[in-house]
Amino acid sequence: MYKLLVALHLILCTVSHVKTRQRWTALTPEETLFIYTRCQEEHLPADNNSRKTYIENWHQWKLQPNDHVTQCYTKCVLEGLELYDGKQKKFRPGRVSSQHVAYQFLNGATADEVAKYKGAIDALEPASDSCEDLYMAYFPVHETFVNVTRKLYHGTVEGAARVYNSDPNLKRKNESLFTYCEKHVYGDQNREDMCRGRRYELTGSDELRNMIECVFRGLRYIKHGDINIDEIVRDFDHINRGDLEPRVRTILSDCRGIQPYDYYSCLINSDIREEFKLAFDYRDVRSADYAYIVKGNTYDAQKVIAEMNKVEKHVCG
């Protein structure tokens, strides 16, 4: 039991962006990578030719071209990093200080340049919270302080590597969230229960409950302590089953219980069990590479099934 409590503590600390917070905490490399790639995923155009241009610019930290696509991508990132509060309609310069203090011995940024960046953000007064007005207000600051921003938000190879090396509990790049959670919850213990869980059996064990807790938080299925139905619906949409949205919402709204395992059980015991398994498996594949869709990959059911079978065989034999 002690091992389970320690494992759960590690999970809640390392997948920190999705835990219930009493106060804001600095963003980890996993969190900033999720924010940037999710905003790219949501705002990149479908056209492959123009898509390539945006990706090349944004990955080089260039907020170009100056058009509606880049403007809304910029707003998405500012809100994701919580540098801008969409509800209060104001910038949050204090976030810059908190982010720096947390990683000041690892990110390579100096106190002086961080203070200047914070001051520049503090002085911003956008005409409105529209994509265009936020972009026009922030763009000059970005151009002046882009190198500071990269250091603060783990956008340099060297800085990110130092952070990862300093904390073995962080989810690694190219590591699926499911593998990460299995490692921290199960370790080398109770492999039978873990493999039954991989086969979508509801064992009810403490380990599986903690495993689902870890996965739901990491997938952002939990937001501000509550079930994030929008995120789950989004995963159904990615397997081309957006038509099931009303059913998903009904199942989760009617579900008794408050723990992630309860919601997971309701989906597994529902009439859309098989579709949920497909959506969950596809999210597992994508969780190993947050840029999976940005790179142009699309849903292929047989490819996902083959990948999951490969992983299960490796893990469970």
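Heads up, the Cβ atoms here are built off N, Cα and C, so glycines get one too.
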Swiss-Prot annotation, disulfide partner of Cys195 among Cys39, Cys72, Cys76, Cys316:
Cys316
Name the residue, out of Met136, Met308, that Swiss-Prot lists for the same serotonin site as Glu182, Tyr264, Asp281, Asp284, please.
Met308
Record Swiss-Prot, residue Cys72, disulfide partner from Cys13, Cys131, Cys181:
Cys131
Cα proximity to Cys72 (disulfide bond), best match among recorded positions Cys195, Tyr264, Cys316
Tyr264
Report, in whole Å, the straight Cα-to-Cα distance of Cys255 (disulfide bond) from Tyr264 (serotonin binding site).
10
Can you figure out which of Trp58, Tyr73, Asp281, Asp284, Met308 (the binding-site residues) comes closest in space to Cys181 (disulfide bond), comparing Cα atoms?
Asp284
Span of the recorded serotonin site, as the biggest CA-CA distance among Glu182, Tyr264, Asp281, Asp284, Met308 in Å, is 19
